[in-house]
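Here's what TrEMBL has on this protein:
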ACT_SITE  A:327  active site, proton acceptor
ACT_SITE  A:328  active site, proton acceptor
BINDING   A:130, A:191, A:214  NAD(+) binding site
BINDING   A:237, A:259, A:262, A:328, A:361, A:415, A:420  substrate binding site
BINDING   A:259, A:262, A:361, A:420  Zn(2+) binding site
């Protein structure tokens with residue numbers, strides 16, 4: 001049974017604030033362990049990488065066996081269910097065509113006094129993509145990270161994916177192949193992040209590392225940040241569904257459970273203007289849980305972090321949604337389009353009764369890597385912009401320099417930076 | 001005397017790689033101290049904030065005195081040199097008009113099968129801007145951070161600036177007023193970052209914190225990241241000047257020293273195709289250092305981190321520049337325009353003999369907050385994009401859902417996520 005809050009209750013604000021403040025993740029303190037792993041791989045290269053890989057993943061690889069060969073990739077493709085390959089291909093194409101619209105455009109212009117200014121975008125040269133092993137080894141995530149990098153023009157994309165006990169999800173290789181990635185290593189954990197950041201004899205370093213991982217991977221990414229770029233640190237997934245009483249409670253229950261089955265720390269919240277509907281959804285959740293393979297995970301998530309909020313009208317949901325700043329926001333009511341335009345903080349919005357969030361996980365075309373834990377207040381989902389960077393351009397002739405010099409010299413002197421002032425004035429014989 | 005490298009020397013690659021790898025900053029380990037400060041301000045609010053502020057800045061403020069009043073700001077404006085106010089106003093206007101071109105455009109479209117997709121950009125609601133105290137309390141940096149936030153549409157911009165011994169640079173207040181910022185607190189250090197991230201009785205929390213600071217501020221920003229957004233962690237400044245022998249050695253020496261005077265850890269590098277010119281620049285640096293107020297800082301920077309690289313031709317400088325990935329790249333030769341187009345990694349490029357980098361520090365219009373320490377390989381200078389975030393939009397009708405459902409269900413099942421599959425199939429009576 002999930003927490004139920006009533007907007008009109010006297011203690012609503014306190015209970016809602018407590019819901020917002022609730023920590024869903026206990027972050028393990030693995031910083032020291034990770035620091036040692038990073039240092040050894042940086043100093044010893046392949047030797048340390050192989051040792052850690054064999055120890056943590058229970059393997060017996062040599063350095064030469066870390067790279068996954070083209071033949072292995074082709075075997076994975078040949079052995080895959082054609083229906084799945086087709087579905088991944090559809091997803092790949094839809095992701096590529098949506099993300100192609102995100103490519104930023106260069107700007108170059110002269111202003112009123114003839115100063116030329118510009119912004120020039122270039123792709124990051126090389127990117128490493130971390131793919132988790134085991135049950136969270138999702139081919140869809142490979143596409144969601146690799147395709148935007150490819151669209152951005154990144155020449156070298158390197159995938160690392162651990163193979164605990166030698167086992168690898170072949171669909172990860174299929175997705176990599178569909179995304180056009182052929183440099184793949186069977187390594188994981190902090191040692192894989194170290195190899196990508198510092199390079200080893202076998203693996204050339206990259207300029208940026210993206211992709212989700214466990215506490216060790218997250219800590220390693222934080223620690224190598226600066227040496228390389230990193231993407232956001234993803235927390236457990238979450239959905240906010242806003243629905244009126246005209247929905248089938250079973251549809252909405254299914255959406256809440258789709259989020260809950262990810263992780264015991266996932267969070268599903270329903271806001272509705274119909275208290276009876278909330279009760280019906282709760283009952284439907286209970287029924288559907290019985291038939292769910294991942295019932296244990298989903299019921300723990302729903303019990304510990306699930307919430308239903310009853311509001312007097314949907315209007316009252318807008319400020320609540322902005323404070324929750326959900327990763328996924330599903331709007332299941334007729335006026336959803338207008339409502340969506342008035343929401344400020346959300347990673348992605350799914351409009352209308354026929355847009356379950358799951359479509360966005362796979363084949364909608366938009367990215368499923370989205371800001372979690374209220375970070376939609378200040379950050380965005382993964383996009384082509386994460387794989388490019390901008391260089392500013394400035395160009396003055398003698399006339400423009402003469403016009404801007406007095407202000408530049410005045411400010412440099414006001415800031416006590418005489419050599420700054422001199423670098424301008426010397427060109428004017430001032 | 002700076003390091004001199006010759007491209008044709010047999011040990012060039014090793015020495016250039018060593019130059020790239022040289023650490024210019026010893027990062028103090030202040031994590032534990034900062035962690036304690038953050039925890040106390042989070043738990044105790046104003047009481048801890050006031051105590052730390054008075055202790056570290058040697059003040060006797062009450063909580064009510066932390067905010068700088070409108071009257072104080074007006075007094076600062078009235079007392080400022082009109083020439084400086086005019087220069088700051090020119091800078092403000094040029095920054096605003098350049099950054100206005102960076103505002104991203106919303107996208108919304110239907111694809112071939114009628115799925116509606118979109119990207120909607122909104123401003124971050126509130127931003128905190130850290131301004132250092134003491135000698136590095138630069139009004140130009142206030143403009144460079146606050147004006148883009150204003151252009152982005154951020155409604156609430158909060159400046160924190162420490163007043164050690166009660167002393168505050170009045171030009172910081174003038175710049176804040178010109179940028180349209182009126183919420184300013186005389187606090188600094190990790191305690192100011194904590195107040196911005198968690199809020200206190202006096203200071204409401206913000207969603208993102210930007211701006212440079214010392215090791216404590218940098219550590220505090222890293223630690224609150226997640227609770228709020230942060231900008232990049234800036235390292236010491238650097239310039240790469242590529243110049244041929246047709247330049248006045250004094251001009252180029254002035255540019256190298258403008259960077260060196262910032263900080264003993266700043267770095268100025270010259271690449272030239274004329275060994276005699278390098279010698280002449282070195283001599284000019286020596287001469288100019290004698291007349292420089294900040295000679296001690298600049299000569300330490302030039303001696304410890306300065307470098308001159310002699311190449312057989314300017315073409316050979318392109319791969320070197322991309323490996324250095326300089327914060328500032330100055331191109332002082334006739335073919336600079338074409339050359340600039342072939343550079344991949346640079347925070348900002350200053351084209352031609354009449355575009356000293358200093359113009360970009362103040363009045364060029366582009367931003368002077370740029371990626372340092374080779375991070376131009378994967379990141380960009382500050383822009384309007386740092387103050388907005390993007391929400392993805394997805395909207396399907398029943399027909400579109402029917403078309404995409406089989407692939408979504410297939411992928412959900414392949415990933416072992418039955419509730420995901422159900423959330424789609426239940427809408428189809430599949």
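Each residue, glycine too, has its Cβ placed from N, Cα and C.
The binding-site residues close to residue A:327 (active site, proton acceptor), defined as a CA atom within 10 A of its CA, are A:237 out of A:130, A:191, A:214, A:237, A:259, A:262. Secondary structure from DSSP puts residue A:214 (NAD(+) binding site) in coil. Of the listed binding-site residues, namely A:191, A:214, A:237, A:259, the sparsest CB environment within 10 A is found at A:214.
The Cβ of residue A:420 (substrate binding site) lies under 8 Å from the Cβ of A:408, A:412, each on the same chain and at least six residues away in sequence. Fewest other C-beta atoms within 10 Å: among the recorded positions A:327, A:361, A:415, that description fits A:415. Cβ neighbours within 10 Å of residue A:262 (substrate binding site), excluding its own Cβ and spanning all shown chains: 23.
In the three-state DSSP assignment, the secondary structure recorded for residue A:327 (active site, proton acceptor) is coil. Here the C-alpha separation of residue A:259 (substrate binding site) and residue A:328 (active site, proton acceptor) works out to 10 Å. Within 10 Å of the Cβ of residue A:130 (NAD(+) binding site) there are 29 other Cβ atoms, across all protein chains. In sequence order, A:132, A:160, A:162, A:188, A:189, A:190, A:192, A:193, A:213, A:216, A:217, A:220 are the residues of the same chain, not among A:130, A:191, A:214, whose CB sits within 8 A of the CB centroid for the NAD(+) site. Among the recorded positions A:191, A:237, A:327, A:328, A:361, A:420, the ones with a Cβ under 8 Å from a Cβ of chain B are A:361, A:420. Within the set of recorded positions A:130, A:191, A:214, A:328, the entry lying nearest in space to residue A:237 (substrate binding site) is A:328 (CA atoms).
The shortest Cα-Cα distance from residue A:191 (NAD(+) binding site) to any of the recorded positions (A:262, A:328, A:361, A:415) is found for A:262.
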